[in-house]
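Trainee: When I checked TrEMBL for this same protein, it listed these features:
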DOMAIN    20-126  domain 'Ciliary BBSome complex subunit 2 N-terminal'
DOMAIN    165-272  domain 'Ciliary BBSome complex subunit 2 middle region'
DOMAIN    396-481  domain 'BBS2 GAE'
DOMAIN    484-571  domain 'BBS2 platform'
DOMAIN    583-680  domain 'BBS2 hairpin'
DOMAIN    685-711  domain 'BBS2 C-terminal helix bundle'
Amino acid sequence: MLVPVFTLKLNHKINPHMVTVGKYDGMHPCLTAATQAGKVFIHNPHTRGQRLSSSRITQSTQDSDISLLNINQAVSCLASGVFNPSHAHHSLLVGTQTDLLAYDVHNNSDVFYREVADGANAIVLGQLGGISPPLAIIGGNCALQGFDHEGNDLFWTVTGDNVRSLCLCDFTGDGNNELLVGSEDYDIRVFKEDEMIAEMTETETVTSLCHMHGSRFGYALANGTVGVYDRTARYWRIKSKNQAMSIHAFDLNSDGVCELITGWSNGKIDARSDRTGEVIFKDNFTSSVAGVVEGDYRMDGQIQLICTSVEGEVRGYLPASKEMKGNLMDASVEQDLIRELSNRKQNLLLELRNYQENSKAGTGSKKKEKEGQMGVIPANTQLQTALSVNAGSENQKPSVDLTISTSNDTIIRAVLIFAEGIFEGESHVVHPSAQNLSGCIRVPIIPPKDVPVDLHIKAFVGGKSSTQFHVFELTRQLPRFSMYALCTQGSAPKPRGKATFSINDRLQRVVMWLNQNFLLPEDIEVPDVCFTSLRGAGQLCIKIEQSGEITVSTDDMDLAGDVIQSLSSFLAIEDLSVDADFPDYFEEVRNTLVQVDEYHSVHQRLTAEMADHSNLIRNMLVQAEDARLMGDMKTMKKRYIELFDLNRDLINGYKIRSNNHAELLNCLRAVNQAIQRAGRLRVGKPKNQVITACRDAIKNNNVNALFKIMRAGIQSC
């Protein structure tokens, strides 16, 4: 059984997800974590008696080994590592919703302090692609930014939604790191520098990512799911009723391969095999886990796994010795395993008895009745499925109908459907009442996003009087654009928005793509079609000329991007330039940019007013104290009344400033998403060029150039 080699009880609470270990003097590892009241604590038990203090760092009154770094804002992310390639010591990086601080703890000085308009929700430090210096990469409001140790902005791109997690990993196996980004739109995106090369869709917000080894990485979702991917293939995943607070890769059983260590909101720590997800070790804290890191904290040359709780408890674990032979569990866990195997044995014996009773069924008329009860069905019974688009009615929402039927007079007693991202809890059960039993069941499905989904179906089939049933299992894929019904042109107002591009491929290939990605009553041959969105987003028209020019007409820019990306992937197109015009959306973006300018001017005015109020308060406080010392109580009272009024004005001003900042962030998010959408209309190099050029146009406040780029791409400049 594996036990902690050290335990600490720090007198400071720890914020979840914000724990790191840094060698700030180049030698001694120090546990660092964000704590309450906008502070970061640094635990350094190695150099007692050598304490520094400055305007930022102060000594903790509760623990002599802890120094407190005053940030004076709520900390949103934390990281440490070698930032300056010419120095061996680590730097500390602290992100807030408005700023990024790079701090040299050893020399007690700022490396740089940068304002980041999009905020910092997640941070990672390391080498990215071919960019030579290490970068501090922060993910914020739909944007990614990378700074070198001098504070230079060397990397910037946009992503689909607010960033929640970041990780560096050699995803392609070319020796250079790619950036993995988890966001609130349930996607894990992979960036090779500023080019997105892969995208995996999950079922909830991606809260944590960690590199395992090679191209393998672990992930955690907000709904309690953890798992492992190898590139775009998912190896395994498990789901818990608790939330995964932190994940980390560490070789705990000394087999040469890292396990996925997970800290949970109920205080549990577990280690799972990277190949199967099997639990090989677990332990428990009395409170929620805050973070899981590693470091040679005892300075004995052995790396320990360091687990922390939100109450400040710290435990260190050494990897298992060879004598333990991978047996890291205690006896009670082995008993649980024996109990589980015993239950499985009982279930198998029960199943065997049912089969034996079936084989011993009586003869004659009684035999037939007995067979009906035992669920004996004709040998040629088949389970058939069909997918169709249901446009809906007054009493029913539009949906995709999955029809499940049998090939004879047997009945379907129940149907279980497992599908990611469609049903709550990822599963759906249909169990008709005894009066409504039949050989056909219709299940309405409403996919929330345009992604292909595998439907894993289990159906219980038997006779009308059966008490036992045969289980049929099959898988059916829901096409990507299944929520679009084929319609005739002119049946609804024609979309004003469109995207036009040319391809060098046979038209039959495009027709093949249409048949595979849309639910059509029958295969079409004419590559000129019109669909109605069942989600109420209007029409989608796809027109293909003999010259190879394709026009995608829709008022939904996201949908146009999805269609272009799907078609490009099917036809293996590496680079694609597109002319786009979405007048309604572009006008909306233009209004948003005007609002951004207004919010910026309000922000500057409020900041100036706050500075003026601060000077007045300082002067009035001096005057009030002077009056008190001179015994002039009347003047003192007058000054303190004025101070009270000023303080009230400051508080009101702060509320206005806070609301203004929230609105500004929403507008900046909308602008970043507009750039992302303009990029998704292109493929390969044109996509990256459009994103970079759009950002430069916004930096230079050139709105006309921005819309030219969004319409015609980089060639318009």
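Cβ atoms are placed via backbone N, Cα and C, with glycine included.
Provide an account of the burial state, proximal residues and distances for the features listed.
Mentor: Per-residue confidence over the domain 'Ciliary BBSome complex subunit 2 middle region' (165-272) averages out at a pLDDT of 92.
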Trainee: Taking 20-126, 165-272, 583-680, 685-711 as candidates, which has the most Cβ pairs under 8 Å with the domain 'BBS2 platform' (484-571)?
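Mentor: The stretch with the most contacts is 583-680.
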Trainee: Between the stretches 20-126, 165-272, 583-680, 685-711, which wins on the count of C-beta pairs under 8 angstroms to the domain 'BBS2 GAE' (396-481)?
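Mentor: The stretch with the most close Cβ contacts to the domain 'BBS2 GAE' (396-481) is 165-272.
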